[in-house]
Ligand SMILES: NC(=O)C1=CN([C@@H]2O[C@H](COP(=O)(O)OP(=O)(O)OC[C@H]3O[C@@H](n4cnc5c(N)ncnc54)[C@H](O)[C@@H]3O)[C@@H](O)[C@H]2O)C=CC1
Ligand SMILES: O=C([O-])CC(=O)C(=O)O
């Protein structure tokens, strides 16, 4: 299992690379970034785990060397937010970064699972899909927008109500997109069921939707969530790898191209959107089945979904247009 981190020297990239290096599921780890990867790779190489590790820079065909033979590529490359910015404000710079990396993946690792962390995820995933389509190598079952941090936050924040000692024991599906109102936690679908007092539901929902802002504000200009994102990114990557190696019954919400994933058509019809995060069962070839949880939303959540649809539609279109009509 060869894993690649693109953007490996950054705030997310370094701890994510550490977790992958420490994982017994990974035998080979390639770190790619425009800066500092030789140092990060040298540092991690002293860890006594099985993964062989190399660091690459753009020079000397570094992207090609990093990607060749890759089974999974995780992308946390790109700039993070500062206070006062929306995720969409990152589009101008990150759209081009993601496009370039996906072109490399299309050329050198077209069969790899691709996990996009770079924001705005609502637009960078459509960009990735359009680039892969243009190159004739798009397999929707292998492209994932990483929305796991929203799930992790929902699990954590609901603990104040459940009092459950281990937050991972409560599964909360979070669906939609990955920014503000497009993030829709479905507390009505929690397993085991959770009874959220009416007067607490708005605040809890809002905290999941705007959890990213909480960290951006606290970091006060020094970036956004990195450590919790590395945890979430690793958690999702680990599940994709475990499923690829044959483990069954793994389900996790992720932002996918619905028409290309089994079960996705019905969700696309219901939401009017081609891209959406829903719980997806993972298998040896990636996304095996998208679960239509949208129709199970209660009245409160249906209202949240209406706001989600309108925001997400524009974000998706912006990504698609970026590839169709590249800025001059
Ligand atoms: N999906 C999610 O839930 C989350 C997404 N993010 C996003 O992840 C991205 C990265 O965040 P941080 O690690 O905090 O930023 P950072 O600035 O600390 O790191 C980004 C890294 O990307 C590298 N980079 C820039 N252009 C590149 C290129 N063309 N190829 C390879 N590497 C390149 C930079 O050199 C830097 O090392 C941001 O866009 C942020 O908004 C952050 C948190 C959660
Ligand atoms: O808020 C941000 O910009 C980073 C992010 O996506 C998150 O923490 O969910």
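Keep in mind that glycine also has a Cβ here, set from the backbone N, Cα and C atoms.
Annotation comment: TrEMBL describes 178 as active site, proton acceptor. Taken residue by residue with DSSP, residue 178 (active site, proton acceptor) is part of neither helix nor strand, so it is coil. Residue 178 (active site, proton acceptor) has a Cβ environment of 27 other Cβ atoms inside 10 Å.
Counting only same-chain residues six or more apart in sequence, the Cβ atoms lying under 8 angstroms from the Cβ of residue 7 (NAD(+) binding site) belong to 13, 32, 33, 75, 76, 77, 78, 117, 118. Marked as NAD(+) binding site by TrEMBL: 7, 8, 9, 10, 11, 12, 13, 33, 94, 117, 118, 119, 229.
Residues annotated as substrate binding site in TrEMBL: 81, 87, 119, 153. According to DSSP, residue 119 (substrate binding site) is assigned to coil rather than to any helix or strand.
Annotation comment: TrEMBL describes 1-145 as domain 'Lactate/malate dehydrogenase N-terminal'.
Residues annotated as domain 'Lactate/malate dehydrogenase C-terminal' in TrEMBL: 147-323.
Each residue contributes its Cα atom, and for residue 81 (substrate binding site) and residue 94 (NAD(+) binding site) these two points are 11 Å apart. Nearest to residue 9 (NAD(+) binding site) in space, judged by Cα atoms and limited to the recorded positions 87, 119, 153, 178, is 119.
Neighbour counts were taken at the CB atom with a 10 A radius for the binding-site residues 9, 94, 118; the maximum falls on 118.
Across the residues annotated as binding substrate (81, 87, 119, 153), the two Cα atoms farthest apart lie 18 Å from each other. Annotated pair residue 87 (substrate binding site) and residue 11 (NAD(+) binding site), C-alpha to C-alpha distance, rounded: 17 Å.
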